[in-house]
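Per TrEMBL, these features apply:
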- 150-343: domain 'Major facilitator superfamily (MFS) profile' (DOMAIN)
- 6-23: transmembrane segment (TRANSMEM)
- 28-46: transmembrane segment (TRANSMEM)
- 84-109: transmembrane segment (TRANSMEM)
- 152-176: transmembrane segment (TRANSMEM)
- 182-204: transmembrane segment (TRANSMEM)
- 216-234: transmembrane segment (TRANSMEM)
- 240-261: transmembrane segment (TRANSMEM)
- 282-302: transmembrane segment (TRANSMEM)
- 308-330: transmembrane segment (TRANSMEM)
Amino acid sequence: MVGADLGRFALIALIPLGVWCGVARVEWLYVVVFAAGILTVLYQIADFAFLPSLVRTDQLVDANGKIAATQSANEIGGRGMAGLIVQAATAPVAVAVNAVAFLISALSLRRIRIEQAARADDAEIQPVPAGGRWRETVAGLRVALGNRYVRALLGEATTFNLFNEMFILGLMLYAVRGLGMGAATIGLVFTAGGVGSFIGAWFGSRVAGRFGYGRVLLVTLILGNTAPVGVLLLGHAGAAALALLCAVFVVMGIGIGIANVHAVSLRQTAVPERLRGRVNAAYRLISWGAMPVGAAVGGVVASHAGAWAAMAAGAIGIATATLWVGFSAVPRLVRIADARTAP
């Protein structure tokens, strides 16, 4: 994680330096951003595996909730702050500030000290035989598909990502062409979703202990995944359409914000420590791999049947994603700690 942050600091810092020295080229920018993206993925995989080493199992939901809330707050305020910096001091300065943020993150991570202790469940896990990253990914996928909790969450996440790309693409096209919305108005809609995500992530940890872990996860998935169906009620352009879209995204953000915190915590608990990185890499390969497929399918649907059809198909598809969890063992899970002993 420290290495990924330092690498991103060095790479992102090259952008303003190149501009100030007059040597920046768009091809060079592509390479820098691509390399920084790779480091971001490595950081996120390591972050997922590392957090359970810092807190107890009963603290995972609260810890993940605070991290998710912080990320939501950054997404809401970060772009606005970047705009102010660009307006006041030009774009290269804003990028330089972003680079320094990665350096601060690396220095902060260096201050973390933990004691590594062997765990009984890890002692039973045999290391993956040497054979390259591909074999490790396959081993991680085997563990993910073999665990009844992770398998259900993987199916839900993959289905959601597939149809969410269709939904967002169709919504963007319909909002511009059908409702005549501008960039600022569409930005307001997505900001509403960010506010909902922040609320859900921040307060989500308080409900699991009262109603049962699995039930909370299922109910909040139902809430977040069925909210997009509300766009089918869109009528003519105007304040009512904007209010409906904002309401849909707020509810969607709250539901998915709570559900994601619980889902991530469940995955971290159900997978043995030594396999978390591999399983998360395989999990992301499958679930995130559905995103470009969804975007491509959404583009085809929008081209042949219109933006509204792509938006509607995506919204209905998102609602079906909950079935993976609804018909699994997840709703019967009372305490997150019980997931450790599950195959």
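Yeah, the Cβs are placed from backbone N, Cα and C, and that goes for glycine too.
Automatic prediction, not curation, is the source of TrEMBL annotations.
The largest share of C-beta pairs under 8 angstroms with the transmembrane segment (282-302) comes from 152-176, of the ranges 28-46, 84-109, 152-176, 216-234, 240-261.
Of the recorded ranges 84-109, 152-176, 182-204, 308-330, the transmembrane segment (6-23) has the largest number of C-beta contacts under 8 angstroms with 84-109. In summary, the transmembrane segment (152-176) does not lie against the transmembrane segment (28-46): fewer than three C-beta pairs, each 6 or more positions apart in sequence, are under 8 Å. Packing against the transmembrane segment (308-330) from elsewhere in the chain are residues 148-149, 151-153, 155-157, 159-160, 162-171, 173-174, 178, 214, 217-218, 221-222, 225-226, 228-229, 231-232, 266, 294, 298-299, 301-302, 342: each is 6 or more residues past its ends and has a CB under 8 Å from a CB in it.
Between the transmembrane segment (216-234) and the stretches 28-46, 84-109, 240-261, Cβ pairs under 8 Å are most numerous for 240-261. Long-range neighbours of the transmembrane segment (240-261) within the same chain, counting only residues 6 or more positions beyond its ends whose Cβ lies under 8 Å from a Cβ of the stretch, are 61, 64-65, 68, 72, 171, 175, 179, 181, 185, 188-190, 192-201, 203-205, 207, 216-217, 220-225, 227-228, 230-231, 233-234. Remote same-chain partners of the transmembrane segment (28-46), defined as residues 6 or more beyond its termini with a Cβ less than 8 Å from a stretch Cβ, comprise 1, 4-5, 7-8, 11-12, 14-15, 18, 277, 280-281, 284.
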